[in-house]
Each structure stands twice: as C-alpha cells, then as structure tokens.
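The structure's right below; bear with me while I get my questions together.
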Amino acid sequence: MLYNIARPLLFSLDPETAHELSLAALHFFGRVLPAATPTESDPVDVMGLHFPNRIGLAAGLDKNGEAIDGLARLGFGFLEIGTITPRPQPGNPRPRMFRLPEVRAIINRMGFNNHGVDALVANVRAAKYRGILGINIGKNFDTPIDRAADDYLACLDKVYALASYVTVNISSPNTKNLRQLQGESELDDLLGRLKARQQQLADRHGRYVPLTLKIAPDLEPAQVTNIADALRRHRIDGVIATNTTIARDKVQGVRYAEQQGGLSGAPVFEASTAVVAQLSRALAGELPIIAAGGILDGRGARAKLAAGASLVQVYSGLIYRGPSLIAECVRATTDFADSGHAATSASFGA
C-alpha cells in the first residue's frame with residue numbers, strides 16, 4: 001500500500017536517484033527498528049544452508065551492503081549484496097539506468113559502481129541481520145581480463161568469513177570483456193583457482209562457504225552445456241541463472257530500447273527461464289539452480305521452480321511492484337514440490 005503511494009513520486013525522479021532514495025530509506029529503517037526475523041514459509045535446505053523461504057533479493061540493488069537490515073524486514077528468505085570489487089570504482093557515467101515502463105523493464109549500464117570490498121565488509125559487520133547473506137564478487141574495470149581471477153580471489157579472501165555463500169559474477173554486460181570468462185578454457189582456469197582457494201579458506205576458518213556462478217541469458221545451448229560440465233567438474237556448489245540480457249528483440253520500438261547496457265525485467269523472463277531449464281536437464285540435480293530474471297508475479301516465481309530452480313531472486317520486479325511482490329512470490333512457491341501442478345523443465349526451452 002505504501003509503495004503504491006510512493007511509486008508515482010519515485011517514477012517522477014531519475015531512476016538512479018529514486019534508487020538511492022529507496023536505499024537511504026531502507027538504511028534508516030534498518031537502523032532504528034529491531035532486527036527482523038526471516039519469514040518462515042515452506043523452508044528448504046540448499047547448498048547445506050537452511051532457507052526460510054525460496055524468495056531472495058538479487059544482487060545489484062544493495063551493492064555495498066548499506067541497507068541489509070532494512071531489506072531484511074521485507075520478507076525475503078535470503079539476501080544477496082554486491083557486486084563488489086577489490087577497489088572502489090565509480091562505474092560508468094550517468095545517466096546509466098533507464099526505465100521502460102511499457103514493458104516493465106530496466107536497462108542499466110552501471111559498470112560495477114561500488115565502494116570496494118573493505119567498505120562492504122564493514123557494513124556487513126555492522127548489520128544486525130543474521131539470515132542467509134550471499135555476497136556477489138566481480139573484477140575492477142581496469143584489471144586486465146587475463147588477471148581477473150586475482151580480483152575474484154582477493155574479494156573471496158575478504159568476504160569469506162562473513163558470507164553464507166559467495167557468487168562469482170562473470171556475466172555482467174557492462175564490464176568490458178567480462179563475459180569472455182564464460183568461455184571454456186577461461187572458465188576452467190577461473191573455477192579451478194577459486195575452488196582451490198575455497199578449500200584453503202574452509203580449512204583456515206573451519207567453515208565451508210558455498211560458491212555459486214552467475215551466468216548470462218545470452219548463451220547458445222552448447223555454451224550452457226559446457227558451463228554445466230565445468231560446474232560439475234570443479235564441484236561448484238550452485239549456479240544463478242541469469243543476469244541481464246543484451247538482446248533487444250522484445251523491446252523494439254520502446255523508448256530507451258537503444259540504450260547500451262543490460263536489459264532486465266519482463267522481457268528477459270522467457271530467455272532466462274529457458275537457460276534454467278537447460279541447466280536443469282544438463283545438471284540432472286547434481287547442483288542447485290537459483291533463478292533470476294523477469295519475475296513480476298507469483299506465477300513467474302513458480303515457473304522458475306517448474307523449470308528446475310530450487311530458489312528464485314527478484315530485483316526489477318520490486319521496482320514495478322514494490323515489496324508486495326515478495327509476499328506474493330512466497331505464497332506462490334509454498335509447498336511447490338507437493339502441489340502436483342508443477343510443469344517439468346521440458347516445458348521450457350525444449
């Protein structure tokens with residue numbers, strides 16, 4: 001209800017300004033209110049972690065972990081913050097975020113703007129939240145692609161003790177050449193080094209923190225199969241499908257469609273769900289899938305589970321629907337496995 005009142009004001013502002021105001025409000029309420037208790041509804045165990053419900057926040061909304069406690073009050077089963085890089089960086093010049101309300105979409109070319117991993121670590125330490133927290137890591141824009149692994153390892157070292165799981169983001173279209181890391185040889189090298197460091201850190205801290213990989217929707221079937229093979233080969237703990245798309249076929253003729261950057265929201269739903277389904281078939285249950293991309297209602301969340309996901313994440317849908325989307329998705333995915341109405345993954349992207 002409150003969001004329905006606030007939305008016209010927020011939509012009258014530049015999208016990034018509205019984003020900053022929303023984060024500031026969440027930060028304020030998180031500080032002045034007591035710690036939130038996660039909403040328990042059909043809890044599920046995934047990657048050795050206990051999720052109170054299947055609905056999470058996707059990375060990108062709170063890059064620096066500044067509003068963790070406020071976000072925790074919205075009913076999520078888990079939060080993912082970031083993407084964070086080893087050193088602070090400003091990202092791309094403004095304007096770099098655009099609303100496409102006719103199709104309930106967003107285009108962004110933020111470019112991993114963030115305050116650096118040390119600032120995020122300080123914010124996480126200061127937070128009251130004790131639920132499941134994923135931390136999404138990336139590389140600095142000026143780090144050569146052949147040295148990208150060094151940036152991921154530097155971030156992993158610093159966030160490991162604080163994260164419930166760590167996501168390796170190799171799929172943003174807004175960092176030059178980043179998606180090259182989805183290539184077969186590049187991915188093998190990166191995952192091999194990350195897995196070795198994960199084991200070292202687990203021994204050092206006495207705690208195993210799962211690693212997930214976030215991939216793009218703009219992949220050929222053979223590429224998805226190769227990625228699935230690499231995930232199994234390196235015993236990665238999970239995969240997030242998907243990031244934003246560079247495709248524009250669903251938004252032709254829409255204002256701002258020509259803007260460079262990643263497209264999220266409703267137009268990416270079909271392609272993203274097809275990747276989830278293909279991963280599900282290729283992985284055959286060997287590791288869990290966290291689905292993100294175009295979830296605007298409870299039916300969308302259920303469709304992701306039907307395609308083979310264990311958990312789902314939302315972000316762009318929050319911009320158009322507000323926090324009520326979270327409760328709707330939680331209700332829609334409760335008792336999903338026992339509902340008897342689930343489609344099989346063969347229904348998507350066959």
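The backbone N, Cα and C atoms fix where each Cβ goes, and this holds for glycine too.
Source: prediction; values computed, not measured.
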If I go by Swiss-Prot, which of Gly111, Gly116, Gly192, Gly294 binds FMN at the same site as Ala59, Gly60, Leu61, Asp62, Lys63, Thr83, Asn136, Asn169, Lys214, Thr242, Gly265, Tyr315, Ser316?
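The one candidate that Swiss-Prot places in that FMN site: Gly294.
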How many Å separate the Cα atoms of Tyr315 (FMN binding site) and Arg109 (substrate binding site)?
15
Recorded positions Leu61, Lys63, Ser172, Lys214: which have a Cα within 10 Å of Asn243 (substrate binding site)?
Ser172, Lys214
Nearest of the binding-site residues to Ser172 (active site, nucleophile) by CA-CA distance, picking from Ala59, Leu61, Lys63, Arg109?
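Comparing Cα positions, the closest of these binding-site residues turns out to be Arg109.
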Which chain-mates of Lys63 (FMN binding site) that are at least 6 residues away have a CB under 8 A from its CB, listed by sequence?
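In sequence order, Ile81, Gly82, Thr83, Ile84, Asn113, Asn114, His115 meet the Cβ cut-off.
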Counting other Cβ atoms within 10 Å, pick out the least crowded of the binding-site residues Gly111, Gly265.
Gly111
List the Cα distance (Å, whole number) between Asn169 (substrate binding site) and Asn136 (FMN binding site).
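Given the Cα positions, Asn169 (substrate binding site) is 6 Å from Asn136 (FMN binding site).
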Among the binding-site residues listed here (Ala59, Leu61), identify the one with the smallest other-Cβ count within 10 Å.
Leu61
